[in-house]
Amino acid sequence: MAARETEIISSSSRQVEAVKKNERKNSGGWNYASLLLVNQGLATLAFFGVSVNLVLFLTRVLDQDNADAANNVSKWTGTVYLCSLIGAFLSDSYWGRYLTCAVFQLILVLGLGLLSFASWLFLINPADCGDGTKLCTRSTPVGVGIFYLSIYLIAFGYGGHQPTIATFGADQFDDSNPRAAYSKATFFCYFYFALNVGSLFSNTILVYYEDSGEWTLGFLVSLGSAILALLLYLLGTSRYRYVKPCGNPLPRVGQVFVAAYRKWGVVPPASADDLYEVEGTESAIKGSRKILHSDDFKFLDRAATITQDDMCGDVMASKFRDFHLPAAGMSAFDICSVLITTGIYRQVLVPLARRLNGNPKGLSELQRMGIGLVIGMLAMLAAGVTEIQRLKFVTPGEKKSSLSIFWQVPQYVLVGASEVFMYVGQLEFFNGQAPDGIKSFGSSLCMASISLGNYVSSLLVSMVMGITARGDSPGWIPADLNQGHMDRFYFLIAGLTALDFVIYVFCAKWYTCINLYTNENEIQLEEQQKDIHAKV
């Protein structure tokens, strides 16, 4: 019976593979690549029908001098090629080549339609003006605005279309076919040929009509060419070969550099075979082939060097039924806490405190920072208690505790609430207490205090490990957290925060707010704040 089931499954797999192979055979190829070549020629004709005479249009119709016209066209041309980066990014990362080409061609058609409309209704007045002899009347601001909107839509549409249509054309040839490489090379030659054919028509026939004052006719021909290109493009929708987008590459590249930086002290293995690599012929990006290892940029090998920390992974149960929460995803609770606490503070606490103490702000900056310190201390206590419980649920010989990762939610919520009181209070305090001439410097002191905190944190970790990791003791923060005492480290931070709070209260009582020249209403507010500071 089992053999029979295996045979059925195997037969089904072969049928599915045969269907896929048949689909690949009957899609793409030169027939549909040729359709894209025609599309390229027509789109290029439409674009160059505008760009080739744009300087003349600006000087003859919009009455700009040669220098301004040349500068405007240079900026516009630069925008075209800048937009090609946007189109390529969307194509490879999110939309795929087919959809990206379609969307940007629609934008090109829209831009050409607006340009034809603006030329006919607002700019070419009287008819046939702008031929070098007959002057046009001064254009209205509305007409000029529509003109610039239209030409930049054209730049955006054509720029995003160009790199994508070339790659989409190459996708029509199956890499599993030995002749695919030759066909692709031939396609790119014809692609450039089609581009120049379209450009040639614009630079000879269309330029003649536009130069003689038939601007609107020239723009309408470009519009018709773009519409025809789009219709021909959509004609092959059901038979094109498609390559799925691979997601945003920027985070993946950034992860490599961050991992290499974090492992800067790690010595990479001598053999590339010892580096981390996913199994199979595909890379971690689904549908994308692996790039073979090279000896260039050897320092990036650190990112793929497997360390003890990499082997440990999560140290708490990160699943709730069928839902898996990555450890890094816990920061979402911090962010949500900030958003919710901000709303509660503004809508509930401030009105309540204003009613109790008469301060228009509700709580002074010094009071808020003090509350933030207390909540931060409670967060560290919650983290310490959670770590004690985590260690109790560790099974001997295993890396992971059976305690759910969701027990960490309270400490993240408290950290978020602490940030609302502490960070916002600091910003207001440093900005408000700085003289008018150095307000930015006052705000920078707030940023500098955060930077100093990070340096002190790094120093504290080094000191703790230097003191606790002696002899056979792994220390409080070892590579295997199950052998350490992170709970003691959290309690140490809570104790230091409590000491910091005591010192802070002393400094807050000692501090006197600066007095600035103000009107009578602001003087009353300053007096109220002084009374509040005295009660801190």
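Using N, Cα and C of the backbone, Cβ positions are placed for all residues, glycine too.
Under the heading transmembrane segment, TrEMBL lists 30-58 (among others).
Residues 101, 103-104, 152, 155-156, 158-164, 167, 245-249 of the same chain sit 6 or more residues outside the transmembrane segment (78-95) yet have a Cβ under 8 Å from a Cβ within it. The transmembrane segment annotation in TrEMBL covers 78-95 (among others).
If you look up TrEMBL, you'll see 102-122 (among others) marked as transmembrane segment. Beyond the ends of the transmembrane segment (102-122), by six or more residues, the same chain brings 43, 46-47, 50, 87, 95, 139-140, 142-144, 146-147, 149-161, 164, 215-216, 219-220, 222-223, 226-227, 229-230, 233-234 to within a C-beta distance below 8 angstroms of the stretch.
Look at TrEMBL and you will find 142-159 (among others) tagged as transmembrane segment.
Taken from TrEMBL, the feature transmembrane segment covers 187-209 (among others). Within the chain carrying the transmembrane segment (187-209), a Cβ under 8 angstroms from the stretch's Cβ atoms is held by residues 33, 37-38, 40-49, 52-53, 166, 169-170, 172-173, 217-218, 221-222, 225, all 6 or more beyond its ends.
Sequence annotations record features per position, and here TrEMBL assigns transmembrane segment to 215-235 (among others).
What TrEMBL records for 369-385 (among others) is transmembrane segment.
Look at TrEMBL and you will find 445-469 (among others) tagged as transmembrane segment.
The transmembrane segment annotation in TrEMBL covers 489-507 (among others).
Among the stretches 30-58, 215-235, 369-385, 489-507, the one making the largest number of Cβ pairs under 8 Å with the transmembrane segment (142-159) is 30-58. Looking at which of 30-58, 369-385, 489-507 has the most CB pairs under 8 Å to the transmembrane segment (215-235), the answer is the stretch 30-58.
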